[in-house]
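*Asks:* Below, the features straight out of Swiss-Prot:
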type: MOTIF; residues: 60-88; note: motif 'Q motif'
type: DOMAIN; residues: 91-266; note: domain 'Helicase ATP-binding'
type: BINDING; residues: 104, 105, 106, 107, 108, 109, 110, 111; note: ATP binding site
type: MOTIF; residues: 213-216; note: motif 'DEAD box'
type: DOMAIN; residues: 294-439; note: domain 'Helicase C-terminal'
C-alpha cells in the first residue's frame with residue numbers, strides 16, 4: 001500500500017484558511033528575527049511565495065512570547081533562561097493557533113514547543129478534553145505527560161492523563177468515568193486511544209489542539225497511521241494540528257500536510273546536517289566475539305554520567321544486561337519484552353540516576369530525554385541512518401556535549417556506516433587506540 005492511499009482529505013470548504021491567519025503566521029516568523037540570510041534554519045510560512053526563506057534568530061526570552069505568568073514561573077523553576085532556536089521560531093506562531101510542521105534534531109526542545117503552546121491556549125473545563133497528544137511508544141507518552149506536569153505546576157485546574165497499551169484498560173476507563181479525574185489533556189499511543197474512543201469512553205468533540213510527536217514514525221506504519229486517521233476523524237475540523245520529528249523525509253512531508261491546513265513549516269538544519277553539534281562520533285571495527293571485552297574496557301576507561309547501550313534484539317538486551325551486572329556494572333535493560341509496568345519502573349530508575357547504564361533496543365531510540373546521558377554505544381549497528389540519528393541523539397541533548405561509539409563487526413555494519421556518512425555528509429573516524437580526552441565530551 002502506498003503512502004498516499006487512505007489519507008485524510010478535507011473538503012474544499014474545510015481547507016479554506018483566512019488570509020489573516022496566513023499573514024499572522026508569516027508575520028510572527030518575521031517578527032521573530034526573519035532575515036534574508038543563509039543559515040541552518042528554514043521556515044516556509046503559510047502560503048510563502050518562495051519555499052526556503054531563511055530566518056536568523058535573535059536573542060529572545062520566554063517573556064517575549066506573551067505566555068501566561070503561571071507558565072513563565074514554571075519555566076523559571078525548570079532553570080530555562082533562553083528559548084532554543086526551534087522554540088524561538090515556532091512558539092510565537094503556534095500560539096496564534098496556526099498549524100505547525102517541524103523538523104529539528106534531537107535535544108532542541110521540540111516537546112516544550114507544543115507543551116507550552118497548548119497550555120497557554122487551554123481554558124480547562126471540568127470533564128472536557130481539549131488537547132490530544134499522540135506518540136508511538138509508551139515511554140515517550142509517559143515522558144510527555146511528565147513535561148505537562150512540570151510546566152502546569154502553577155495551573156492547578158489543569159488535569160493531564162496518559163493512556164497506552166500493555167496496562168489494564170479498566171484503569172483508563174475509571175479515570176474517564178469521573179468528572180473529577182477526567183483529563184483536559186490526553187497523551188497516549190494510537191492503539192489504546194482508538195480503543196477508548198470506539199468504546200465511547202473518551203470524547204474528542206471538544207479537541208482544540210491535535211499533536212503528533214515523532215510523526216514520521218507514526219504515519220510511516222500502516223496500522224498506526226490508520227489508528228491516527230480514525231482518531232483524527234473523531235475530532236472537530238476546526239482545530240490546530242502540530243507535528244514534530246527529528247527526521248522528516250521528503251516523502252513523508254506531504255502525508256503530514258494532508259492532516260493540516262496551510263501549516264508553518266520549520267526545518268531546523270536540512271536533511272544532510274542532522275548530525276548533532278557537540279557530539280563526538282566514532283566507530284570501532286572488531287569481531288562479534290570481541291564486543292563484550294571491548295565494551296567492558298570502554299566502561300572501565302571512559303568518564304560518563306550515564307550511558308545507553310543499543311542492541312538489536314530483546315534477547316541480546318537481556319544477555320548483555322546480565323553480563324554487565326555479573327561484572328558489577330549498575331545496569332538495567334529496557335525493551336519491548338519487559339512488561340509495561342516494569343518498563344516504566346526501570347525508565348524512572350534510570351532517569352532518576354539510580355542506575356547509570358541502560359541496555360536498550362530501539363524502543364528507547366526516539367524522543368526519550370534523559371539529560372544526564374552523555375555516552376551512547378551502538379553494541380549492534382542500527383538498521384539505517386535515521387535510526388542511527390535517533391539513537392546517538394540520546395547523548396548530548398539540548399546542544400550539550402556527548403560521545404557516541406558504534407561497533408562495526410560485519411560487511412552489513414560497514415555498509416550502514418557508509419550510508420550514515422553519505423546521508424549526513426560526515427566522516428566518522430575510527431576510535432583512537434589511546435582513547436579520547438574527556439573534556440571533548442563531558443560538559
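Including glycine, each Cβ sits where the backbone N, Cα and C put it.
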*Asks:* May I ask you to report the DSSP-based helix, strand or coil state of residue 110 (ATP binding site)?
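*Replies:* DSSP assigns residue 110 (ATP binding site) to helix.
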*Asks:* Counting Cβ atoms within 10 Å across all protein chains shown, which of the binding-site residues 105, 110 comes out on top?
*Replies:* 110
*Asks:* Looking only at DSSP and grouping its letters into three states, which state does residue 104 (ATP binding site) belong to?
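*Replies:* For residue 104 (ATP binding site) - judged by DSSP and reduced to three states - the answer is strand.
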*Asks:* What is the pLDDT of the domain 'Helicase ATP-binding' (91-266) when averaged and given as a whole number?
*Replies:* 92
*Asks:* Using DSSP, tally how many residues of the domain 'Helicase C-terminal' (294-439) sit in helix, strand and coil.
*Replies:* 63 helix, 27 strand, 56 coil
*Asks:* On the DSSP side of things, how many residues of the motif 'DEAD box' (213-216) fall into helix, strand and coil, could you say?
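*Replies:* Helix, strand and coil residues of the motif 'DEAD box' (213-216) number 2 helix, 1 strand, 1 coil.
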